[in-house]
């Protein structure tokens with residue numbers, strides 16, 4: 001199935017393409033996928049994501065799915081989550097995983113980095129207060145380690161606590177005895193992940209070839 | 001002082017060598033290692049040939065039967081000489097910084113060769129084709145393959161293969177053809193060399209050698225990508241070179257080459273390469289499977305590993321497929337599963353032995369290079385040799401440029417020009433090239449010319465490029481790896497990111513390397529591990545990391561301490577400490593802090609593991625660390641010193657976290673988990689006790705998984721006690737923190753291993769005691785991490801006991 005753009009969609013695709021940076025073919029393919037997942041309806045719901053088999057084994061499945069419905073990922077100041085999303089939102093979320101073009105300037109790279117990290121941050125900051133608190137972090141770590149069977153909650157807690165402290169030390173440095181560390185703010189998050197080359201790793205090479213027929 | 005002694009030893013040894021050679025020469029021809037030793041065997045008479053005709057009248061008091069031991073003796077002496085050379089290099093440590101070891105070895109070889117030449121001796125003809133290919137090369141390659149850092153390797157697999165295979169082909173063919181073109185020019189007088197021979201020569205000199213380069217890379221902390229590409233390229237490049245060598249060797253002996261042969265050659269190339277990999281995989285799995293059953297016979301575990309690897313190599317040689325690929329693949333697959341099955345000791349043994357023999361092999365070859373340079377008759381041809389040198393450099397540069405351009409779009413982190421320059425410049429030739437040239441069959445006409453050419457190229461690249469690489473790379477400011485901020489956060493988030501990406505990939509139905517990796521891990525966990533590993537416990541890699549980190553940290557702490565503190569004070573103080581430290585458990589933050597400290601240090605170490613594998617002349621850090629596990633008493637003693645467990649291993653990251661305030665007063669309510677913090681220590685105690693018991697009994701690493709995690713809590717809870725105390729006593733915040741950090745970290749590690757092993761009363765220990773178990777916090781607390789202030793006697797044992805009174 002090559003390119004199939006039919007005229008009425010073309011214009012819509014072009015605006016989407018401008019907005020998200022995908023090429024027209026890629027948008028076409030993703031639209032196919034969207035339709036596949038949503039059983040040809042206009043919108044996707046959370047249950048539709050359960051159809052994807054491989055996703056079941058993913059430890060942070062719920063967060064990933066939730067990310068699709070999170071308004072913060074769609075607009076700058078969105079709050080809360082939606083019940084169902086349309087193709088545009090689907091595409092917007094996907095665009096976070098686009099690879100930066102080869103010739104981007106420093107600021108652009110920084111922008112892209114921030115956007116990606118913001119996405120990750122939002123995934124964990126479930127109560128949307130702008131910080132990842134210890135509870136949230138613990139939750140994350142627990143989920144992450146949930147696949148390995150015999151781990152206790154304390155372990156995950158321990159790890160999460162340790163990580164939290166680490167962030168505290170990096171971001172706040174010397175803390176007075178009365179201070180406490182609220183939670184990881186986005187700035188701290190940026191700081192601690194400074195060395196992780198997100199912009200190069202958090203990428204999916206969106207192919208121009210339609211592979212939807214190959215995967216369930 | 002030792003230097004003088006060393007010199008004398010060297011002189012003596014060289015004298016021995018020469019005398020032995022002289023004697024050997026007098027007795028008969030120097031035996032080849034494989035062949036003609038039988039000529040010496042007939043002289044098997046218990047009385048030796050000193051008195052062949054004296055009948056049975058007198059019992060000789062002293063006989064000399066040199067020929068009998070000649071071969072082993074000579075080999076031993078040579079190896080010993082080479083080892084002395086290696087020791088000698090480190091007498092002045094500055095030397096190895098600026099001059100790569102290979103250079104030094106060659107120089108020593110040159111000197112020895114010069115001496116031998118001056119007394120008109122021949123070099124021992126030990127370096128035969130068989131000797132090299134059957135004994136030395138597999139060791140070198142096994143060494144490289146076993147210590148290859150797997151994760152970055154697989155992430156860059158495509159790039160590595162691309163550079164190795166295509167790059168080598170490019171080099172060989174390019175150089176070969178250009179040389180052939182040069183040969184056509186009459187002025188140089190080498191018209192008799194035909195194309196096949198040129199190609200043969202070209203394939204010989206396109207074998208790249210990583211030893212010197214990797215050492216420099218590690219020293220300047222170069223970017224991991226570059227590092228792994230050079231390492232991997234060189235490894236597979238050996239395979240390709242040997243294949244090409246054999247191919248062209250065969251072809252060179254044919255007088256007529258047809259087009260069909262060319263295609264056959266290409267097909268053969270693939271058969272050989274892929275066949276090698278399959279063989280390697282097969283043997284790797286079989287080896288892993290075998291180790292599943294060696295639980296009762298731990299002593300032969302290392303043997304099994306070596307046997308299987310060597311078997312893979314030999315069988316591949318048998319069917320004439322790429323033995324290097326076989327052994328490398330075998331080592332790679334084996335390593336992962338075997339290290340879970342075998343005991344700690346076996347693991348250490350394996351690594352040690354592999355490193356040792358690989359190192360020896362390499363050393364010997366360089367050494368011989370030096371010797372042979374002086375003692376052979378060279379055939380010199382200005383034009384040919386200089387041009388070959390020129391083309392070597394030229395084609396490598398071109399090759400890297402072109403290949404990078406092609407592959408950059410496929411890489412997530414593309415190579416910039418500096419990287420490319422680094423890659424091109426780091427194409428040193430070395431041991432393998434030399435051996436291949438030296439063992440050319442005599443039927444090749446211009447053999448001597450080739451040997452000379454190869455030696456010239458090797459010496460040029462090793463000396464000139466080897467020495468200038470370091471300043472150049474520094475000057476160019478090639479991308480460095482940033483080791484500092486690798487922390488548990490990064491690890492967690494990296495993992496999260498990977499899962500996210502994998503999830504999204506699943507969602508949009510696209511396959512990419514995360515998908516494959518995920519799939520492979522699933523398959524691995526479900527099937528392969530069950531078959532191949534004895535105690536199979538599915539483990540998250542974060543937890544595995546956690547576990548490893550603790551191990552490593554402990555090891556490091558323990559290992560970095562030297563000295564012979566007698567065990568008694570430590571044991572005593574431990575006991576006392578435990579009894580005394582019966583304070584109330586307090587707020588979590590300090591525990592957590594300590595845990596974090598421990599973790600961060602550990603995490604840091606794990607990340608370093610990649611780079612720490614790089615040094616070809618030494619073992620990876622964690623190996624030496626693991627040995628500590630075995631040494632009970634020493635470990636205890638050492639742990640007490642709590643010396644410099646940071647700097648030697650570049651643990652500078654830890655300094656970062658030291659500035660956390662003595663925040664044991666983090667308001668319990670606010671730091672949300674503090675509330676249940678009190679409960680936690682108790683909960684963990686049972687797991688802790690069981691954990692403490694465990695390491696003593698089992699030597700298998702897989703039984704450790706969870707426990708240490710629990711133990712951390714316990715440890716920290718006691719440490720916090722110390723924290724507060726010190727705080728009160730000193731009010732010396734930052735340094736306290738530092739010390740408490742180190743101490744806690746060390747403490748916890750010690751508690752994991754030291755106390756568990758040596759303090760019997762921990763077994764089934766009463767919970768309270770367990771709680772305070774962590775060995776003498778004070779000992780550590782006192783220890784300033786940056787050696788600065790603090791009259792912290794921790795470093796001086798004498799002050800050991802005096803610390804105790806401060807317990808109250």
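Quick reminder: no glycine exception, Cβ is built from N, Cα and C everywhere.
According to TrEMBL, the compositional bias 'Basic and acidic residues' annotation covers B:721-730.
Per TrEMBL, compositional bias 'Low complexity' is recorded for B:737-755.
Under the heading compositional bias 'Acidic residues', TrEMBL lists B:761-773.
Residues annotated as domain 'Cation/H+ exchanger transmembrane' in TrEMBL: B:80-474.
Residues annotated as domain 'Sodium/hydrogen exchanger regulatory region' in TrEMBL: B:567-668.
Residues or ranges marked as region 'Disordered' in TrEMBL: B:661-705 (among others).
The region 'Disordered' annotation in TrEMBL covers B:718-808 (among others).
Look at TrEMBL and you will find B:6-25 (among others) tagged as transmembrane segment.
Taken from TrEMBL, the feature transmembrane segment covers B:75-92 (among others).
Annotation comment: TrEMBL describes B:98-119 (among others) as transmembrane segment.
Look at TrEMBL and you will find B:131-148 (among others) tagged as transmembrane segment.
Counting only same-chain residues 6+ beyond the ends of the transmembrane segment (B:160-183), those with a CB under 8 A from a CB of the stretch are 153, 190-191, 193-195, 198-203, 205-207, 228-229, 232-237, 239-241, 244, 273, 383-384, 387-388, 391-392, 395-396, 398-400, 402-403, 407, 423. The transmembrane segment annotation in TrEMBL covers B:160-183 (among others).
Outside the transmembrane segment (B:226-248) by six or more residues, the chain places 137, 141, 144-145, 148-149, 152-153, 156-157, 159-161, 163-165, 167-169, 172, 196, 199-200, 203-204, 206-210, 213-214, 217-218, 265, 268-269, 272-273, 276, 320, 322-325, 328, 415, 419, 422-423, 426, 432-433, 436, 478-479, 481, 610-611, 614 with a CB less than 8 A from a CB of the stretch. What TrEMBL lists as transmembrane segment is B:226-248 (among others).
For B:269-290 (among others), the entry in TrEMBL reads transmembrane segment.
Here the transmembrane segment (B:310-332) has long-range neighbours at 133-134, 137-138, 141-142, 144-146, 148, 150, 153, 235-236, 238-239, 242-243, 246, 271-273, 275-277, 279-284, 287, meaning same-chain residues at least 6 beyond its ends whose C-beta is under 8 angstroms from one of its own. Under the heading transmembrane segment, TrEMBL lists B:310-332 (among others).
According to TrEMBL, the transmembrane segment annotation covers B:353-376 (among others). Residues 78-79, 81-83, 85-86, 102, 105-114, 116-117, 121-123, 126-127, 132, 135-137, 139-140, 142-144, 146-147, 211, 302, 306, 430-431, 434-435, 438, 448, 451, 455, 458-459, 616-619 of the same chain, all 6+ positions outside the transmembrane segment (B:353-376), place their C-beta atoms under 8 angstroms from a C-beta of that stretch.
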Pairs 6 or more apart in sequence, C-beta under 8 angstroms, 3 or more of them: is that satisfied by the transmembrane segment (B:131-148) and the transmembrane segment (B:420-438)?
yes
Overall pLDDT of the domain 'Sodium/hydrogen exchanger regulatory region' (B:567-668), taken as the mean:
40
Which of B:75-92, B:269-290, B:450-473 shares the most C-beta pairs under 8 angstroms with the transmembrane segment (B:420-438)?
B:450-473
